[in-house]
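Contents: one structure, followed by commentary.
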Amino acid sequence: MANDPDFVLKDDEPYAEMWMGTHFCGVSIVKETGQTLDRVLKMELPYLFKVLSIKKALSIQVHPNKCEAERLHAERPEIYKDSNHKPEMCIALTPFVALVGFQPIDDIIDNIDEFQPLSKLIGKKAVLELHQKRDTESLKACYEILMRSDDAKIAACLKEIAKNYKKELESNELLSVFNKINADFPGDVGVLSLFFLNLIHLKPGQGIYLGANEIHAYLEGECVECMACSDNVIRAGLTPKYKDVEQLISSVIYEGKPARCKLFMPYRIDDCVEVFAPPVDDFAVIHVAISHTVDTYKLEIQKYGSIMLTLTGMRILKLTTKDGPKEITVSRGSIIYIPVEAAPAIEFLHAEDCGDNFSAYIATYNYFRHA
């Protein structure tokens, strides 16, 4: 955005999300014509592509499956804006921190036992049952009690944990995160979800995939995110927005797994390309990384419209459009729609001022599932 001469960057204004796609809540504009992308294409893309820049935690949330989305949209269209599901994938651009999925049940038990104010809030009966059964039903019972607790009890629990563990708030990683989100969201039940969910640290280039009803919250860092074309979010904490606690606790998948199980690995095509292809048709993300020593690189694609975001370097993109062949110079911050006519291949040609290695992410339909 800062590289766009037409964009005025305001230092006192937050820039949390940049959307690229055709969703009506944030449809992209074609710079040359000023038209919306959906009007130009005369269709809706199956995916929504984003860049997120997170300084303050995003909400504890899940995204509904297709059946739930249709029902929720029909019942409450003012909250659930469309009828589509919203599986999503996040790929870190900087060191990235998130809460993703429930911890293994043994680890959750250890947390409840260690932090007595939390144990007291949940109650002896439910905690004892979790100890004895160590299954999804007893985990669900504990989490439901937590999320349904009244505000006064939640505030008291948070205050007591902060007081009892004051010395460890900076030195202990879990408590350090607790301290930050508790300061940002005082009295919010979502802060206590920290003791139930996996705390994950991603390095740049690492990804996570989140299917329907997988609980998560992005805490800090920058990423590219790709998802089905939807804006449906069921929130229950770490937010001033509407919290649909009952819907979240009935929808969420209560399955405890280690943090490492949440990492989503790409597969490599060649030295210049790797693909993040999730288990859904709606989207995939291609990462193109071309050394400045490589003169020309040809990327084979299929007949689906794609969106490319350039992160670093400079190249001349050679492709076919409905108006014939084109060459477009792309550099840091360039966002290009690659039309279906560009298939079967696009070329990245050497640019005189290329300097740095070239890096770009391309969102597209997940034709890799059917290759």
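Heads up, the Cβ atoms here are built off N, Cα and C, so glycines get one too.
If you look up TrEMBL, you'll see 3-104 marked as domain 'Phosphomannose isomerase type I catalytic'. Within the model, the domain 'Phosphomannose isomerase type I catalytic' (3-104) shows a mean pLDDT value of 90, rounded to a whole number.
A 10 Å cutoff on Cβ-Cβ distances gives GLU88 (Zn(2+) binding site) a total of 25 other Cβ atoms nearby, all chains included. For GLN61, HIS63, GLU88, HIS216, the entry in TrEMBL reads Zn(2+) binding site.
Residues or ranges marked as domain 'Phosphomannose isomerase type I helical insertion' in TrEMBL: 131-197.
The active site annotation in TrEMBL covers ARG235. Under the DSSP three-state reduction, ARG235 (active site) is assigned to strand. Counting only residues at least six positions away in the same chain, the Cβ atoms of SER59, ILE60, GLN61, LYS241, TYR242, LYS243, ASP244, LEU248 sit under 8 Å from the Cβ of ARG235 (active site).
Residue density at GLN61 (Zn(2+) binding site): 26 other Cβ atoms are found within 10 A of its Cβ, drawing on all protein chains shown.
When other Cβ atoms within 10 Å of the Cβ of HIS63 (Zn(2+) binding site) are tallied across all protein chains shown, the result is 26.
In the three-state DSSP classification, HIS63 (Zn(2+) binding site) falls within coil.
In sequence order, VAL62, LYS86, LEU210, GLU214, ILE215, VAL233 are the same-chain residues whose CB sits within 8 A of the CB centroid of GLN61, HIS63, GLU88, HIS216, the residues recorded for Zn(2+) being left out.
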